[in-house]
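Structure, as structure tokens:
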């Protein structure tokens, strides 16, 4: 069974092909970062237009990379939500049109289930059950994962996602969009303990997150440390970046520890764009070492949005007999707990 996967939920156009026998045989990705950088964030209309321009050429490239033709494809999976409605509609329309033309089934995949299952593409894949930390620009969630589709939401951000807080704070520090990776780089030269940021919602029970206050705290810290010219010294920028990053990471770790204690699991999966953060990976590895558990990640290129995770998640469900009718419909908001469980 060979599945074509299409990802167009935000500002990356991803196309991949997953082969049941060979694994991932093609992976193509186009990022719109340069285009949106001029605006300091994703412009939905521009994102949709660019997906229209890029998706079909990437599909052709993926088929070429895998040395396949359209007649070899057994199903088409696409991101149906959550995400930007216009961007989702582009991928959905193209996927359904191809599925109809090729006379194969189509399936709308949940974007965050794709992220959650991305570590399954690695040689050292986790076994069920496990706790998943899904941490990106749009989501910060802790999920009890018993099997594919058998999910219980343990906690989530009540305001800004962790990745969103990274990008907003990076902008306050004068870094270009997207600022998460740039802030992490700046933090490498930071001085520990010069600034102390709060660890939001860690002083109370529960597994929910809140990161909007950290951005406000960062803004106040920046304003309080401007020099006579109204500028931040470079070392001060590094120190603020360090303090902010540590606050986010320690908050995530505290909540992960609680989730593992609550479930009794010894396996932790971390996925989503922020999971590429080196310091977060290091500190979570230390946590799991302390409790005698294991932590699993996707490779860095599969931390951000990509077609590979959609092709794989789609393969699992299409193989199980699921498919979506030919009507073009997307779900900009879509709780993952609504998904049906399947046996794998």
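From the backbone N, Cα and C atoms, a Cβ is placed for every residue, glycine too.
As given in Swiss-Prot:
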type	residues	note
BINDING	111, 115, 305	Fe cation binding site
BINDING	134, 135, 136, 137, 138, 167, 180, 277	substrate binding site
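Cα spacing between residue 111 (Fe cation binding site) and residue 277 (substrate binding site): 20 Å, rounded to the nearest whole number. If you draw a 10 Å sphere around the CB of residue 138 (substrate binding site), it holds 19 other CB atoms from the protein chains shown. Here the Cβ of residue 180 (substrate binding site) has 25 other Cβ atoms within 10 Å, regardless of which shown protein chain they belong to. Cβ neighbour count for residue 136 (substrate binding site) (all protein chains, 10 Å cutoff from its Cβ): 24. Once the Cα atoms of 134, 135, 136, 137, 138, 167, 180, 277, the listed binders of substrate, are compared pairwise, the greatest separation found is 17 Å.
Across the fold, the C-alpha of residue 135 (substrate binding site) and the C-alpha of residue 305 (Fe cation binding site) stand 12 Å from each other. When Cβ neighbours within 10 Å are tallied across all protein chains shown, the highest count among the binding-site residues 134, 135 belongs to 135. Over all protein chains present, the Cβ of residue 277 (substrate binding site) has 26 other Cβ atoms lying within 10 Å. Here the binding-site residues are 111, 115, and the one ringed by the most other CB atoms within 10 angstroms is 115.
Sequence-ordered, the extra residues of this chain that approach the Fe cation site, with Cβ no more than 8 Å from the Cβ center of 111, 115, 305, are 7, 9, 79, 112, 114, 136, 272, 306, 309, 310. Between the CA atoms of residue 167 (substrate binding site) and residue 115 (Fe cation binding site) there is a gap of 20 Å, rounded to the nearest whole number. Spatially close to residue 305 (Fe cation binding site) yet at least six residues away along the chain are 7, 9, 10, 11, 12, 14, 111, 273, judged by Cβ distances under 8 angstroms. DSSP classifies residue 134 (substrate binding site) as strand under the three-state reduction. Reported as a whole number, the C-alpha separation between residue 180 (substrate binding site) and residue 115 (Fe cation binding site) equals 18 Å. Of all Cβ atoms in the protein chains displayed, 24 besides its own lie within 10 Å of the Cβ of residue 137 (substrate binding site).
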